[in-house]
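A short write-up of the structure that comes next.
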Amino acid sequence: MEEYAREPCPWRIVDDCGGAFTMGTIGGGIFQAFKGFRNSPVGVNHRLRGSLTAIKTRAPQLGGSFAVWGGLFSTIDCGMVQIRGKEDPWNSITSGALTGAILAARNGPVAMVGSAAMGGILLALIEGAGILLTRFASAQFPNGPQFAEDHSQLPSSQLPSSPFGDYRQYQ
């Protein structure tokens, strides 16, 4: 059940890692711009300088964190596809849970369980929303009536007529 074409697994990991880095850097840059602007001293010049400093300092770090998450998630997902032999939403849900657990391993088993639960629930919600959107979009374009391709099954009154007359008389 593949809705869209994706790269094969070795390249998918690199692609997802780069996409996550880009998303984290851009999103983190926007967030840090507001945060740096808000936390700077009064004055437009001070606030703009504080905003740019916050962007330069934190946006690459956030991008790197997102890249680690995306790379680990894709690696586990590709491993699940290889082991199970099929690509379905359960791979993504399990990959999200395992990614959360692995990234929280330094904080202890309680944090691992909590992060695994959050990762699994988050990915289950994302996969569920994707399935619902796919079903809703497919309901917008129902299959029309199917036409018979074999004209021998049609009665002679419904056969398409030729602009050059009735060709059956020469058979």
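Each residue, glycine too, has its Cβ placed from N, Cα and C.
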Annotated transmembrane segment segment (source Swiss-Prot; candidates 63-77, 93-107): 63-77
Selected from C17, C78: Swiss-Prot disulphide partner of C9: C78
Least Cβ-crowded entry, counting other Cβ within 10 Å, from the disulfide-bonded residues listed as C9, C78: C9
